[in-house]
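Among the features that TrEMBL reports, UTP binding site is placed at LYS125, GLN188, GLY220, ASP251, LYS394. Annotation comment: TrEMBL describes HIS221 as substrate binding site.
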Amino acid sequence: MMCLSKELPSNSNKMAQFQEVMRQQLESSMHAELEKLVGTAKGAEAEVSKKDFEGFRKLFHRFLQVKGPSVEWSKINRPPEDSIQPYDKIKAKGLPDYIADSLNKLVVVKLNGGLGTSMGCKGPKSLISVRNENTFLDLTVQQIEHLNKTYNADVPLVLMNSFNTDEDTKKILQKYTHHRVKIHTFNQSRYPRINKESLLPVAKDMAMTGENADVWYPPGHGDIYASFYNSGLLEQLIAEGKEYIFVSNIDNLGATVDLYILNHLVSQPNGKRCEFIMEVTDKTRADVKGGTLIQYDGKLRLLEIAQVPKAHVDEFKSVTKFKIFNTNNLWISLSAIKRLQEQNAMDMEIIVNPKTLDGGLNVIQLETAVGAAIKCFDNALGINVPRSRFLPVKTTSDLLLVMSNLYSLEAGSLTMSERREFPTTPHVKLGSSFTKVQEYLTRFESIPDMLELDHLTVSGDVTFGKHVSLKGTVIIIANHGDRIDIPAGSMLENKIVSGNLRILDH
């Protein structure tokens, strides 16, 4: 036995050495493949690709180093009381006389890399009409223009596009030429998808069409720091006197510029300047998978469900232990981003996202999330904001809510109607017949009155006539082969409708 115990360390050392050699070989092979790919690029594309691949190489290196979950569950603590401030406390400070001075230090950044494919639309998601023929982008421009006109300020809009959305977005931007908003764009990086078996890029050259159509990906919104910095736009905005960015998803219609949070940021004493604010809000049963803030190794940190060991997933989803989640509305110091990029100190957990390509090939893409960098910034803070600041439109069920009379629209901003007695939004679940926007629109002759609705479930082949009113809990289920037409002018209150109801013209 004595002899065996002496051998164990050397065996484990050999294993570690073997793994290290394998890692080095993989990195070397990856490096060679990336060089080959860059060799097929021309002119300016080659320069951009070199910068992109530099970021990808760092990410790949870290991916090979990672062993097991990125958090030890026993080291997770609740954040200290003062690290997540209630919004009311921030609002109670009031506003200075010259809020325009603060606005002139701000840049609004919208994450605009996503396509509308999940809602059955081609092109950028930001170009889907959401209210009175206004798209997500229209509403964003209206909001910022209203701010600039009201306070005589100069808040620019920056769009982070991806190679999927850049061309279509730039065509549309011409329509805003005479609006009082300066609009800039920069592109997310383009990274190669990796073969799951060989861990090498699937792409054979830099082309993006034909065989190469699905071998590239934009690497998650955590790429904002590097691509913003590499674009030169970060430096330009700092030179213009800008200090903070307000970042949010373009499909979150609740993410408008909040003057109280902005004032809190710019009024901090110099030594205590807050470099990062994450807006969080109270979890409901619908948000159990959302990332949450924790205290870890003495720092505020974002914990995503992908990082949670399997044995603790139910605990993570619990509304009692983890009461808040990240809205992805973030306020970040521009000079801090510059410093962290130049020090190569931006540290975000890697999200490994498995995909299957059309031909059946299994690939992985390495991504990061913008909020995960919170632990790198000084004096980071969470602010527990009202739910109204989180109004994402991910599905046609969400679209129905924002198109309805539950919300009123003013200067690009949606607010809950004062005529609704309860401040909570109804729970709406539309079936697969409503998934695509075009099909969804044909099923409603007009959007129903939903002011008194609590819960709506619709399944199967269902259409709605004009001026329908829905109240309380309404469940409408057309069985396979059946069709239900809700007649014009109907009022359904706490009703279950099932079977076959068809109104025929005669």
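Just so it is clear, glycine is given a Cβ too, placed from its N, Cα and C backbone atoms.
TrEMBL annotations: computationally assigned, not manually curated.
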Pairwise CA distance, GLN188 (UTP binding site) versus HIS221 (substrate binding site), rounded so that it is a whole Å:
8
Using the structure shown, find which entry in LYS125, HIS221, LYS394 (the binding-site residues) has the sparsest Cβ neighbourhood within 10 Å.
LYS394
Once the chains shown are all counted, how many other Cβ atoms turn up within 10 Å of the Cβ of GLY220 (UTP binding site)?
23
Between the residue listed as 'substrate binding site' and ASP251 (UTP binding site), find the distance joining the two CA atoms and give it rounded to the nearest Å.
14
What's the most sparsely packed of the binding-site residues GLN188, ASP251, counting other C-beta atoms within 10 A?
ASP251
